[in-house]
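Record features (Swiss-Prot):
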- His207: active site (ACT_SITE)
Amino acid sequence: MKLSIILGTRPEIIKLSPIIRALEKTNIDWHIIHTNQHYSENMDKIFFEELNLPNPKYNLNIGSGTHGEQTGKMLIEIEKVLLKEKPDVVVVQGDTNTVLAGALVASKLKIDVAHVEAGLRSFDRNMPEEINRVLTDHISSYLFAPTEIAKNNLLREGIEENKIFVVGNTIVDATLQNLKIAEKNENVRAFFNSVVIDDDYFLLTLHRAENVDNKERLKNIVEGIFEIIEIYDKAIIFSIHPRTKKRLKEFNLFDKLKSNKKIKIIEPVGYLEFLMLEKNAELILTDSGGVQEEACILKVPCITLRDNTERPETVEVGANILVGDNKEKLIKAVEIMLNKKRNWKNPFGNGKSGERIVRILTYGKY
């Protein structure tokens, strides 16, 4: 058997790392194809070194662009590699343009597609990620669903049950494995001590197009952050995405954020550093699906700055509240989460998902 693992972003590298580690213990022929979907080295390449992962066999250097431009370039370049390598299975993870392009090329070439994190649904077709994940699921031969909720989403859409495997989420494997590394790493500890001034800080991330490309919505979120500071007197560490920084400047919101003494804006950091920031935060504010999961696993209360989530399990267990861009909801949610006991059950599995996936791809069963 021969596997092509196609990835292109930081979350994909993180969530596929447990599968890669499991593959390294086998005799399976496999390789990594990296589309380089993110244009910043800080945003993805650094993770291979941090996670002790082998370098990609292929770097496609696609970079940023419109959805059509980026996906089109990927289709062309991925096809060249798959025609050369002729794998039996292509493995993709998540909901990016890399995932859709990899799955489409493989499907056209009659190569089986294995979709890790299948069945997630926000039920919002305005999100590009929703289109990517739905299309990918419907052309996949192996659908690795993280939870029963995800499996039921797939069954409702008519996908055959014998293609669906509930394996848990590889984010649990990655979080548990790499937090230990982070806590022992002197450079990570030094970074943490240099950034964190107040022990009871909130951590903020913001990058979704529906938030940062909408001036009114972004303005509402920023104003909500200022109100939280005013009411709760908390320090906020804002790990800022390049796209978000660009929009904040464009909408004349950046200088106001930067001048607030309670807000510490930091450039994108390595995965291990970010894990430490998450683990030690009093509260996390985010629009990232992966961060919602990590917060839940790490037992840190989370508030999601979106109207919906494809991680409803985090809401069901009480680890997460959705507030969208509504300031009143945000302020109320902060009060609720600051008083919440961190005793919810992790709904994403026991950290063995990577091994399960490799067993299924190898033997066709758990």
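Quick reminder: no glycine exception, Cβ is built from N, Cα and C everywhere.
His207 (active site) falls outside any helix or strand according to DSSP and counts as coil. If you draw a 10 Å sphere around the CB of His207 (active site), it holds 18 other CB atoms from the protein chains shown.
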